[in-house]
Amino acid sequence: MTEVQDLHGQDSDEGSEEVVLTPAELIERLEQAWMNEKFAPELLESKSEIVECVMEQLEHMEENLRRAKKGDLKVSIHRMEMERIRYVLSSYLRCRLMKIEKFFPHILEKEKTRPAGEPSSLSPEEFVFAKEYMDHTETHFKNVALKHMPPNLQKVDLMRAVPKPDLDSYVFLRVKERQENILVEPEADEQRDYVIDLEEGSQHLIRYKTIAPLVASGAVQLI
């Protein structure tokens, strides 16, 4: 794995900002996105560019293996690494699809009200999937139940019928960058808010919504 991949950030005033990653750094980015997505209660920002670059990298690796000598131990090792990367990639994408199916009306509402310039939580393909899933769900409800009900009951509010992500759930995290003055909400009404510092390398169990912005920025890693 010697190729270098280019990612395009979205924080440049003059367009996309190019970030050059080695293959090892690219796979590390994928694994971080996978772990965060796996343990976060909500759908996180789409990492479609990382997914595309990893798929390109897998194609390059496959081409290199086809040219390599058969029976070489290095070929077997590289093929095992390819299978590991494919597993992480497919698990990451499956996890996102499961969240879309579980929270689709809330995800689409968040996307509709997303401020200009704010990263999307859906890739273009995921957005199409979510829209089609909602349309099919509404059609199924109408055909199976709603059409048999009185006219005043033939509507369903999916925003109320489908549960929201539980942002109050607790998550384990590892601190990658030291953070100061993190406001923590109390467990009970009689308690007061308090402030904590998160030291680099430390691990914590904390309510997700308290550190959600730090997950998005990459300052902490869910574990």
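Just so it is clear, glycine is given a Cβ too, placed from its N, Cα and C backbone atoms.
Taking Ser16, Ser46, Ser202 one by one, Swiss-Prot attaches phosphoserine to Ser16. Checked against Swiss-Prot, the residues Ser12, Ser120 yield a single entry marked phosphoserine: Ser12.
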